[in-house]
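**Q** Encoded as structure tokens, here's the structure I'll be asking about.
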């Protein structure tokens with residue numbers, strides 16, 4: 001059995017914010033497999049099976065504790081199902097990666113992500129997998145705490161849709177094939193929008209007018 005946790009904040013006002021990209025990914029996984037979310041203590045959960053029959057049982061989890069207390073929805077479930085940290089994947093936003101980049105990694109510090117910070121604190125180890133989805137640093141002068149709670153801009157929606165789709169693919173690959181294969185398949189993902197190429201300037205015509213001979217007299 002595997003536990004996949006999408007980090008985010010509860011409430012419709014947060015549903016389309018940068019901090020909730022983890023929720024978008026686990027929602028997409030649940031949608032693909034026809035899973036129904038149900039309310040439990042501190043979380044909404046959905047069960048699916050991935051891979052060839054009988055498949056790998058995966059419990060998708062969306063903490064309902066607000067970001068800073070995410071560990072309360074995660075650690076008791078690991079304990080209840082007698083799972084070690086190697087069975088856990090946390091899907092999170094990542095301020096330190098440009099929007100459009102995605103990476104799967106094992107362990108490491110929380111990097112200022114307070115949901116991950118709380119899971120590490122309650123679990124007592126950093127040794128669990130993360131799927132990190134880049135949301136970029138805020139523009140100069142903008143508070144990061146305000147930035148992560150801001151909504152996606154209209155021009156970001158297309159890239160966001162691709163990022164969520166590939167994030168769901170990465171969750172499925174991790175659950176069925178393991179960490180190394182998920183890293184190999186998805187750590188080169190780069191969906192950053194490319195600027196339109198600027199046409200090269202055309203050289204000016206400096207040849208000048210062409211000399212011509214006298215006009216021929218028409219025959220009569």
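Glycine residues also receive a Cβ, built from the backbone N, Cα and C atoms like all the rest.
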**Q** For the tRNA site that Swiss-Prot lists with 14, 66, 68, give the additional residue from the candidates 114, 187.
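**A** Candidate in the recorded tRNA site: 114.
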**Q** Determine the Cβ neighbour count for residue 66 (tRNA binding site): the number of other Cβ atoms within 10 Å of its Cβ.
**A** 15
**Q** When the Cα-Cα distance from residue 68 (tRNA binding site) is computed for each of the recorded positions 9, 19, 93, which gives the smallest value?
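**A** That would be 9, the closest of 9, 19, 93 to residue 68 (tRNA binding site).
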**Q** Sort the recorded positions 9, 19, 93 by C-alpha distance from residue 66 (tRNA binding site) and give me just the closest.
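**A** Going through 9, 19, 93 one by one, the closest to residue 66 (tRNA binding site) is 9.
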**Q** By a 10 A CB contact count over all chains shown, which of the recorded positions listed here is most packed: 9, 68, 114?
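**A** In terms of Cβ crowding, the pick is 9.
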**Q** Using the recorded tRNA site (14, 66, 68, 114) as reference, state which further residues of the same chain have their Cβ within 8 Å of the centre of those residues' Cβ atoms, listed in sequence order.
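**A** Going along the sequence, the neighbours appear as 9, 19, 65, 67, 69, 70, 115.
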**Q** Would you mind pulling the DSSP three-state label for residue 66 (tRNA binding site)?
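**A** Coil, per DSSP.
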